[in-house]
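Peer 1: Have a look at the structure that comes next, please.
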Amino acid sequence: MLRAQRLRLARLRACVSRGLHHKPVMALRREDVNAWERRAPLAPKHIKGITKLGYKVLIQPSNRRAIHDKEYVRAGGILQEDITEACLILGVKRPPEEKLMSKKTYAFFSHTIKAQEANMSLLDEVLKQEIRLIDYEKMVDHRGSRIVAFGHWAGVAGMINILHGMGLRLLALGHHTPFMHLGMAHNYRNSSQAVQAVRDAGYEISLGLMPKSIGPLTFVFTGTGNVSKGAQEVFNELPCEYVEPHELKEVSKTGDLRKVYGTVLSRHHHLVRKTDGVYDPVEYEKYPERYISRFNADIAPYTTCLINGIYWEQNTPRLLTRQDAQSLLVPVKSSVVPVEGCPELPHKLVAICDISADTGGSIDFMTECTTIERPFCMYDADQHIIHDSVEGSGILMCSIDNLPAQLPIEATEYFGDMLYPYVEEMLLSDASQPLESQNFSPVVRDAVITSNGLLTDKYKYIQKLRESRERIQFLSMSTKKKVLVLGSGYVSGPVLEYLSRGNNIEITLGSDMTNQMQQLSKKYDINTVNVTVGKQEDKLQSLVESQDLVISLLPYVLHPVVAKACIDSKVNMVTASYITPAMKELEKSVDDAGITVIGELGLDPGLDHMLAMETIDKAKDLGATIESYVSYCGGLPAPEHSDNPLRYKFSWSPVGVLMNIMQPASYLLNGKVVNVTGGVSFLNSVTPMDYFPGLNLEGYPNRDSTKYAEIYGISSAHTLLRGTLRYKGYSKALNGFVKLGLINRETYPALRPEANPLTWKQLLCDLVGISRSSSCEKLKEVVFTKLGGDSTQLEAAEWLGLLGDEQVPQAESIVDAFSKHLVSKLSYGPEEKDMIVMRDSFGIRHPSGHLENKTIDLVVYGDFNGFSAMAKTVGLPTAMAAKMLLDGEIETKGLMGPFSKEIYGPILERIKAEGIVFNTQSTIKL
């Protein structure tokens, strides 16, 4: 391979020499953007090699450069200020724009490949000057691994810095440690001196001089690349023992204080598939969004110092979020009586050294890099603030983005060794000629960002990124948009959280639930106003007219009231609920007002519509037709929390859920319309589900599915069904309540406040037609008969206390009272979580005649002490649509659901970043 490269370079030299009177000239420019940048891309030994090949090398004078100018001159370089003679100019960091020279080849770290805003003016000047820009960051091998990088020395310097920082932080917490004798990496002449200081600290540790009350120190290294290896190289100079990640918990409590413990974390140690907790490396590379990280629960609680060397990619799990940090900063309970002068650590995690310096990356709350001048900051997760002092509450953070500059001589030699084999072909580059005419190796060719005044084909995406970012910036700079959120129930949390991420939206929360509003206002920067929609029409109107958008999270019966106020004030509106007939009646008024009202933006309806339309539209683009569409969706308790007769729990009023089974439903099956009457007979339509067998699900049709043939544009379908999922046993239990007359919406005077209180036993006696004075055994016997001798249904009634002496809640109707009772019995506890399960099934007939059976699955779990699965999957798409309306991404006017690509496309893409990820599978039948 080397022989082939030499032959290619020899031919290139001959070709260039025929066209030029002199050999190409290379220049090493001085670094003049950052005061700490003392590195160079090549060391004197590399200059010597280049001059031996007969090339002229110019060295710009620099007193800042760590390697003296004399060393470069001794190696054959020519020291001079003017480098206009050079055709190749090498540097480490970006040059000032005014010093760029046209039609030259430059090589440096441009930091433009992600359309970084700070360097876009540089990129513009590079294009204007028709410069050929080679970016070291994109010099990669056939596996995509970087060939030239400073990563090793970033790891070395970062580790030295964080040990110094831990000394300061532990002192602030009341502990002198051997780390106090360590300095910042740049305080040492070279790494050998730093290593000796680390060894000295290690010797003191081995003598048992670490404070006993802080316990064993544990260091976790993420990644196995050069950064991690460089950090471990320093760590190994301490008296250390490496353990497996699963051993970390034990050693963090009982380890030897005369040593420190380390663990190297790879993907398989903390990444697991959301559905089954297994890690598949091949699948992860393709579908990282299917995985979550267990680092926050399995590793971080037993980590003293995290050394992070991995970059975060979109759709991949983060190591730590703000919520994780909050839980990690909870004080550790100890059985040991504290001694005032020998305190225990307030929490295990003391420090994070984020060598990746990837803001908003795998460490979500690392939003700004620190600097060599100010290397440390403290992150207070509870307040979500960063402060410079090493004192107070929080995690010590070090995230310097130019760490190798602290050890400039060794970093220069290391980097130059990797770059040197490619310098000659870069030197033979003629920036005035088309890129295609250059005989570059793939390593160099694929690192060319610009040439001949244009972005190269591989990097044209940068312009699109720029345009997208500039558009977002323009919108954020404009006047704050005003949003009124009506309703403070379970969905409001994710909506408020999502809309609060930027600083360009002023949110007002309106509700008649004062306590809920107060709790939400503590978490989010919002205004609150007490309003009862449906009873305070004038107040609602005055609130709406000052807004840019209204989000209604109220019960669906109140949406028309809100919509009328929006129509009168010409204000856009979104909601998660169904577009009911009452809303449909307002369609012309919405059109006349010239506003946009979007409904059905939640989960079901909502995400189910969006997935259906995306699949249908893609099929139509291929000339295929939809022969069948079946969608089932359900909000359920997590399996471990489903142990009750209904196999169900409620996070909001159960009235809607209960009344759903009383409604008729219709669907299309093999070309025939099937009508289902609600009430007692609905049990006949319940079907056991054969997918997700571990969940033991059943399903039943929901409302009128046949209308979606027109809405979805799939009149070709012979089967069309939308249904509800529940755990097996739910429908049977509810069927028993229907038989007993408990799901009845008619007014029941005996339950009104002015009536005498009733017990459930008395009410049930009334419902089954026996005297209230009847014995419990008599009531049980009559109820059993009423239930058709179904012992399971009887047990459900008994479990809920319906045959006992507990008082019936006051209400307008029996079902309202029953709902209140169910809330008291079957609400989620503080340590319980829910889940949502959805499956969409399509039969797609392709033009070839083949039938594709396609399924789309969604399973989402609620978060402990966070948002429920239902709240996330309903609230987030609603909030996203609201944001799209505010940002002008949705321009269509009128009353609509999320059936157009304009709406569903961005939402389905953005929802993935929130951890709501769909799994798609297809099989083809010939």
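Including glycine, each Cβ sits where the backbone N, Cα and C put it.
Relevant sequence annotations retrieved from Swiss-Prot are reproduced here:
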type: TRANSIT; residues: 1-27; note: transit peptide
type: MOD_RES; residues: K48; note: N6-acetyllysine
type: MOD_RES; residues: K93; note: N6-succinyllysine
type: MOD_RES; residues: K93; note: N6-acetyllysine
type: MOD_RES; residues: K274; note: N6-succinyllysine
type: MOD_RES; residues: K286; note: N6-acetyllysine
type: MOD_RES; residues: K333; note: N6-succinyllysine
type: MOD_RES; residues: K458; note: N6-succinyllysine
type: REGION; residues: 477-926; note: region 'Saccharopine dehydrogenase'
type: BINDING; residues: S488, D512, Q516, L554, A576, S577, L603, D604, P605; note: NAD(+) binding site
type: MOD_RES; residues: K523; note: N6-acetyllysine
type: BINDING; residues: S577, Y578, D604, R703, T724, L725, R726; note: L-saccharopine binding site
type: MOD_RES; residues: K584; note: N6-succinyllysine
type: MOD_RES; residues: K732; note: N6-succinyllysine
type: MOD_RES; residues: K739; note: N6-acetyllysine
type: MOD_RES; residues: K778; note: N6-acetyllysine
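I'm curious about the neighbourhood of these features; can you describe it?
Peer 2: Of all Cβ atoms in the protein chains displayed, 16 besides its own lie within 10 Å of the Cβ of K48 (N6-acetyllysine).
Under DSSP, K93 (N6-succinyllysine) is assigned to coil, being neither helix nor strand in the three-state scheme.
Within its own chain, K93 (N6-succinyllysine) has E31, V33, N34, E37, F108, F109, N402 as residues 6 or more apart in sequence whose C-beta sits under 8 angstroms from its own.
In this view, K274 (N6-succinyllysine) is surrounded by 16 other Cβ atoms within 10 Å of its Cβ, with every protein chain counted.
Other C-beta atoms found within 10 angstroms of the C-beta of K286 (N6-acetyllysine) number 9, with every protein chain shown included.
Under the DSSP three-state reduction, K458 (N6-succinyllysine) is assigned to helix. K458 (N6-succinyllysine): 14 other CB atoms within 10 A of its CB, across all protein chains.
Counted within 10 Å of its Cβ, the other Cβ atoms near P605 (NAD(+) binding site) come to 22, all protein chains included.
Annotation note: K523 (N6-acetyllysine) sits in a helical segment as assigned by DSSP. Around K523 (N6-acetyllysine), the same-chain residues six or more apart in sequence whose CB sits under 8 Å from its CB are G493, L496, E497, listed in sequence order.
Its Cβ taken as reference, T724 (L-saccharopine binding site) is surrounded by 22 other Cβ atoms within 10 Å in the chains shown.
Its Cβ placed at the centre, K584 (N6-succinyllysine) has 12 other Cβ atoms within 10 Å.
Counting only residues at least six positions away in the same chain, the Cβ atoms of L683, D790, T792, Q793 sit under 8 Å from the Cβ of K732 (N6-succinyllysine).
Less than 8 angstroms from the CB of K739 (N6-acetyllysine) sit V680, K786, L787, G788, Q793, each of them six or more residues away in the same chain.
K778 (N6-acetyllysine) falls within a helical segment according to DSSP. Residue density at K778 (N6-acetyllysine): 13 other Cβ atoms are found within 10 A of its Cβ, drawing on all protein chains shown.
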Peer 1: Write down the Cα-Cα distance for S577 (L-saccharopine binding site) and S488 (NAD(+) binding site), rounded and given in Å.
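Peer 2: Each residue's Cα considered, S488 (NAD(+) binding site) and S577 (L-saccharopine binding site) end up 15 Å apart.
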Peer 1: Which of the three DSSP states, helix, strand or coil, fits S577 (L-saccharopine binding site)?
Peer 2: coil
Peer 1: Rounded to a whole number, how many Å is the Cα of K48 (N6-acetyllysine) away from the Cα of Q516 (NAD(+) binding site)?
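Peer 2: Each residue's Cα considered, K48 (N6-acetyllysine) and Q516 (NAD(+) binding site) end up 73 Å apart.
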Peer 1: Out of the recorded positions K274, K286, K584, L603, K778, give me the one sitting nearest to S577 (L-saccharopine binding site) by CA distance.
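Peer 2: Smallest Cα separation from S577 (L-saccharopine binding site) among K274, K286, K584, L603, K778: L603.
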Peer 1: Among the binding-site residues listed here (A576, L725), identify the one with the smallest other-Cβ count within 10 Å.
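Peer 2: Fewest other Cβ atoms within 10 Å, among the binding-site residues A576, L725, is found for L725.
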Peer 1: Under a criterion of Cβ-Cβ distance under 8 Å and sequence separation of at least 6, what residues of the same chain contact R726 (L-saccharopine binding site)?
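Peer 2: When sequence neighbours closer than 6 are ignored, R726 (L-saccharopine binding site) has G634, L636, R647, Y648, L697, E698, G699, Y700 within Cβ distance under 8 Å.
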Peer 1: Quick check: of the binding-site residues listed here (A576, L603, P605), which one has the Cα closest to that of K286 (N6-acetyllysine)?
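Peer 2: Of the binding-site residues A576, L603, P605, L603 has its Cα closest to that of K286 (N6-acetyllysine).
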Peer 1: Should S488 (NAD(+) binding site) be counted as helix, strand, or coil on the basis of DSSP?
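Peer 2: Looking at the DSSP assignment, S488 (NAD(+) binding site) belongs to neither helix nor strand, so coil.
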Peer 1: Only counting partners 6 or more residues apart, tell me which same-chain residues put their Cβ under 8 Å from the Cβ of R703 (L-saccharopine binding site).
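Peer 2: Expected: Q663, A665, R722.
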